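Peer 1: The structure under discussion is supplied below as structure tokens; questions concerning it will follow.
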Amino acid sequence: MSVLVFADSTDGKFKKTSFEVVSYGKKVAEQVASNLVVLTINANDASELYKYGAAKVIAITNDALLTFNAKEYAAVIVAIAQKENATIVVMDSSINGLYVSPMVAVSLDAGYASNTVALPSSTDPFTVKRKAFSNKAFSNTIISSEKKVIALAKNSFGIHENPVAGILENFDVQVAASGVVSEKVERVTGKVTIADADTVVSAGRGMKGPENWGMIEELASVLGAATACSKPVSDLGWRPHGEHVGQTGKPVASNLYIAIGISGAIQHLAGINASKVKVVINSDPEAPFFKAADYGVVGDAFEVIPTLIEKLKAFKEA
Amino acid sequence: MKILVCISHVPDTTSKINFTDNDAEFDKNGVQFVINPYDEFCLTRAMWFKEKQGATVTVVNVGGAETEPTLRKALAIGADDAIRINVAATDGFLVAKELAAVVKAGSYDLVLAGKESADYNGQMVPGMLAAFVDYNFINGCVDLEIDGTSVAAKREIDGGNETVSTSLPLVIGGQKGIVEEKDLRIPNMRGIMMARKKPMQVVEGTGVVAATNNISFEKLAPKGAVKLIAADNLDALIDLLHNEAKVI
Ligand SMILES: Cc1cc2nc3c(=O)[nH]c(=O)nc-3n(C[C@H](O)[C@H](O)[C@H](O)COP(=O)(O)OP(=O)(O)OC[C@H]3O[C@@H](n4cnc5c(N)ncnc54)[C@H](O)[C@@H]3O)c2cc1C
Ligand SMILES: Nc1ncnc2c1ncn2[C@@H]1O[C@H](COP(=O)(O)O)[C@@H](O)[C@H]1O
């Protein structure tokens, strides 16, 4: 019996969430007294995972899997889960992870708990805590099937070092082509994505117009942050749709979330609640966002942001 | 083309979330239920196919009789008929498997579901459904064009999007972009009148056993009061973020 973790990589490099799912899988394996097995696909250096407790790594290198394909990845994960007799499969909650996980669950006839935020509170019955109601609450969920698939919510468990002398097994798989073919991948390069970012700088209608986003981008660049926006801002076409965060937009689970000129409507907060530290900059002291924030500055963004940029630059240089 | 749109019946986005029965049940008291926002995008896209390319549009929900007003709203927006699978939607696995039976029985060419539902946010039904019926599957779909049985689509990826091609039969997990916000349809008087006469079929479930079960709920821990920093003292903010919160 084993716990299988899929550690995803982009262009051969692990994402931070991969270290997080391995850290988590290590603890789950201890709880259920099983071995941890970690699967990588086309990763450059799978041995990086030993540091987080991956005692056994199965590394697949296969050109047919260079471009992500959900059905093909699901088939590989299922094949390895069967080979390793895995009773629990742990996945990350990236866009790709969430695409693959339900397919893996069906193939393994496993119950699936997405949005999991903590270690199982009990292993019999197997119970996990999950985000629910768009981050407004948690549910405690029993998975009653023999096999289980868990998708761990980003930044909910953290990365924990747990070095082991791991072993690496290179493995080859036959990949049956899926009916969905990737034609083109368009990605903004050189920009931190909301999904990956530790810090997100987000701005709302208080910025008055798209011409004023220069200072938002500059603040983000000083902090190495991704930029985001409220829904009306993307609906008005001031910013691209991919930046819309909130209940109906992208979820944000960063360490630091800075909201500028955003009132803090319930639908906005629902999507960003999972962020650890929230800073609000708003000219209206009555803005509801202040109730949900850790730190607040009541002030005009057009004065506060340029000063903040200067001071942060000085701080970074010091 | 036969289209099936999966409609999840969820609390309105402004709802206050409370629990009863020792935190074992969601408190529906005073909560207004709506069509899941992602499903609204999908339904609007389905209407476009119906009007521009000729398609029939069926809406389906797995749930008790209380979800019928939500299905009626989908009919008022323009769907041709509705199916309610009379089973409590306690788990995504169960919902997907019950939906799979309807998809197979009706030989639908295209199944549109939302990327996630606003209640339990499972993000599981579309992918599980696709796997159960062995249809092609695109999740996080932001653009969908169909020509005969050929499909050209885009899906969102981290930091951009991917163009994919595939063919019917197909399951979609859709989101904003599959249609734009401004194109969303609101039922008009005529639609509401017509919806009353449209068929609503109630089918019994196939007896699927749930794989997961929510035994209790917790609200978020109450937040401590915000620390206010004067706008002319931003050094203090940087100091707090660095030394106290340790995030910069
Ligand atoms: C079904 C549904 C789903 C939704 N989903 C989302 C979602 O996912 N994400 C989302 O964001 N919204 C969502 N909304 C919209 C949400 O209800 C709010 O309307 C929206 O979040 C408000 O955006 P905003 O804060 O940018 O604008 P506003 O509410 O207009 O707030 C602007 C803020 O800027 C402040 N301000 C003005 N001038 C300045 C200045 N010079 N300096 C500093 N501050 C200033 C104001 O005090 C105000 O607080 C949804 C709504 C519905 C109905
Ligand atoms: N009870 C249900 N009845 C019909 N469709 C559903 C139901 N639950 C979920 N769906 C569909 O599946 C999508 C994703 O839901 P979920 O997997 O629960 O997050 C929703 O947007 C709906 O399209």
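Placement of Cβ uses the backbone N, Cα and C atoms for every residue, glycine included.
A TrEMBL annotation is a machine prediction, not a hand-curated record.
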Peer 1: For the FAD site that TrEMBL describes with A:Arg205, A:Gly261, A:Ile262, A:Ser263, A:Gly264, A:Ala265, A:Ile266, A:Gln267, A:His268, which of these is also annotated: A:Asn255, A:Asn282?
Peer 2: A:Asn282
Peer 1: Rank the binding-site residues A:Arg205, A:His268 by how many other Cβ atoms lie within 10 Å of each Cβ and give me the one with the fewest.
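Peer 2: Lowest Cβ count within 10 Å among the binding-site residues (A:Arg205, A:His268) is A:Arg205.
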Peer 1: For A:Gly264 (FAD binding site), which of the three DSSP-derived states applies: helix, strand, or coil?
Peer 2: coil
Peer 1: Could you tell me which of the binding-site residues A:Ile262, A:Gly264, A:His268 sit with their CB under 8 A from some CB of chain B, listed in sequence order (or 'none')?
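Peer 2: Nothing passes the 8 Å Cβ test.
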Peer 1: Taking a cut-off of under 6 Å between Cβ and any atom of ligand 1, tell me which of the binding-site residues A:Gly264, A:Ile266, A:His268 pass.
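Peer 2: Near ligand 1, sequence order: A:His268.
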Peer 1: So which one is it: of the binding-site residues A:Ile262, A:Ile266, which has the fewest other Cβ atoms within 10 Å?
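Peer 2: A:Ile266, out of the binding-site residues A:Ile262, A:Ile266, has the fewest neighbouring Cβ atoms within 10 Å.
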Peer 1: Count the Cβ atoms, other than its own, that fall within 10 Å of the Cβ of A:Gly264 (FAD binding site), considering every protein chain shown.
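Peer 2: A:Gly264 (FAD binding site) is surrounded by 20 other Cβ atoms within 10 Å.
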